[in-house]
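This report refers to the structure that appears directly beneath it.
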């Protein structure tokens, strides 16, 4: 029974990978065509383009790993380490890109008057390139910390130096673990905060429209509703994903196949699910997707 559950989850994960690869490839192609035609690219589309490329590479890497698992092909320890480090880097980069995208949506749509919020509103659009580079640097640093932690944990707890001095490695391990946890916690807090602020602001705007009989439903309001639905669905996918990612790491979870299967399906559902949501709520991507579906009907 447990083996059948694992096979089902594995097959579902591969299917979700295919969906995510197609969705992100669609985003990449449409944004490139728009970029070539208009000779310019907006800040949200630039971030979305970077996110789609990162997720395309991440899901492609997972698909390659699934092929290795399904065919029982032997691979060296170095290949496994390289695969894991690539996944850590791409996953961290995609999460930071999502954080920037959520912050951009939040400052563009909401109208809070807090000084910090106003500062973000003035600078975030102009600093898009710098923020994208910062995502790469932070992701590389996080991956390096993870690699250092994995290497240190292989050694004994105490190492004797040349002068017979005993070095306790627990302090170094705790420092690295704290750095990784703080990085994930910062991402989680920022994403939940930006999404919650946007949902709260849009809900107040819609309630105000309902009280004002003279207001009418316009394309801008429709875009705001799309952003609100996007953030609600994002939280539904992102919060379980963050919890499952943390629970998937401890060794006792690896021994529990049921818990491992649940974490695997949750982590596999988030990237393609969020990519599809981005297509549905983006007016250009949604229009192109409708044309493609109507053509093949």
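The backbone N, Cα and C atoms fix where each Cβ goes, glycine too.
Sequence annotations record features per position, and here Swiss-Prot assigns topological domain 'Extracellular' to 1-11 (among others). Panel annotation: around the topological domain 'Extracellular' (1-11), residues 66, 69-70, 257-258, 260-261, 264-265 of the same chain, lying at least six beyond its termini, place a Cβ under 8 Å from a Cβ of the stretch.
Annotation source Swiss-Prot lists transmembrane segment at 12-32 (among others), citing sequence analysis.
Mean model confidence for the topological domain 'Cytoplasmic' (33-46) is a pLDDT of 86. Annotation comment: Swiss-Prot describes 33-46 (among others) as topological domain 'Cytoplasmic', evidence class sequence analysis.
Counting only same-chain residues 6+ beyond the ends of the transmembrane segment (47-67), those with a CB under 8 A from a CB of the stretch are 10, 13-14, 17-18, 20-21, 24-25, 27-28, 31-32, 35, 41, 73, 83, 86-87, 90-91, 93-94, 97-98, 100-101, 104, 128, 131-132, 135, 268, 271-272, 275, 278, 282. Per Swiss-Prot, the feature transmembrane segment maps to 47-67 (among others); the stated evidence is sequence analysis.
Per Swiss-Prot, the feature topological domain 'Extracellular' maps to 68-80 (among others); the stated evidence is sequence analysis.
Same-chain neighbours of the transmembrane segment (81-101): 44, 47-48, 50-51, 54-55, 57-58, 61-62, 65, 124, 128, 131-132, 134-136, 138-140, 142-143, 146-147, 183, 187, 190-191, 194, 238, 271, 274, counting only residues six or more beyond its ends whose CB sits under 8 Å from a CB of the stretch. Annotation comment: Swiss-Prot describes 81-101 (among others) as transmembrane segment, evidence class sequence analysis.
Residues or ranges marked as topological domain 'Cytoplasmic' in Swiss-Prot: 102-128 (among others). For the topological domain 'Cytoplasmic' (102-128), DSSP puts the residue distribution at 18 helix, 0 strand, 9 coil.
What Swiss-Prot lists as transmembrane segment is 129-149 (among others).
Positions annotated as topological domain 'Extracellular' by Swiss-Prot: 150-171 (among others).
Feature annotation from Swiss-Prot assigns N-linked glycosylation site to 163; the stated evidence is sequence analysis.
Swiss-Prot lists 172-192 (among others) with the feature transmembrane segment, giving sequence analysis as the kind of evidence.
If you look up Swiss-Prot, you'll see 193-229 (among others) marked as topological domain 'Cytoplasmic'.
Among the features that Swiss-Prot reports, transmembrane segment is placed at 230-250 (among others).
Look at Swiss-Prot and you will find 251-260 (among others) tagged as topological domain 'Extracellular'.
Tertiary neighbourhood of the transmembrane segment (261-281): same-chain residues 5-6, 9-10, 12-13, 16-17, 19-20, 23-24, 26-27, 48, 52, 55, 58-59, 62, 94, 98, 226-227, 229-230, 233-234, 237-238, 240-241, 244-245, 247-248, 253, 289, selected by CB-CB distance under 8 Å and a gap of 6+ residues from either end. Positions annotated as transmembrane segment by Swiss-Prot: 261-281 (among others).
Within the same chain, residues 26-27, 30, 34, 48, 223, 226 sit at least 6 positions outside the topological domain 'Cytoplasmic' (282-297) and bring their C-beta atoms closer than 8 Å to a C-beta of that stretch. According to Swiss-Prot, the feature topological domain 'Cytoplasmic' maps to 282-297 (among others).
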Within the topological domain 'Extracellular' (1-11), residues counted as helix, strand or coil by DSSP: 10 helix, 0 strand, 1 coil
Can you tell me which parts of the same chain pack against the transmembrane segment (12-32), counting only residues 6+ beyond its ends and a CB-CB cutoff under 8 A? 41, 45, 48-49, 52-53, 55-56, 59-60, 62-63, 66, 264-265, 268-269, 271-273, 275-276, 278-279, 284-285, 288-289
Beyond the flanks of the topological domain 'Cytoplasmic' (102-128) by at least 6 residues, Cβ under 8 Å: 43-44, 46-47, 190-191, 194-195, 197-198, 201-202, 224, 227, 230-231, 234
Near the transmembrane segment (230-250) in space but 6 or more residues beyond its ends, with Cβ under 8 Å, are 98, 102, 105, 184, 188, 191-192, 195-196, 198-199, 259-260, 262-264, 266-267, 269-270, 273-274, 277-278, 280-281
Near the topological domain 'Cytoplasmic' (33-46), which same-chain residues lie under 8 Å Cβ to Cβ, leaving out any that are not at least 6 residues past its ends? 101, 104-105, 108, 124-125, 128-129, 132, 284
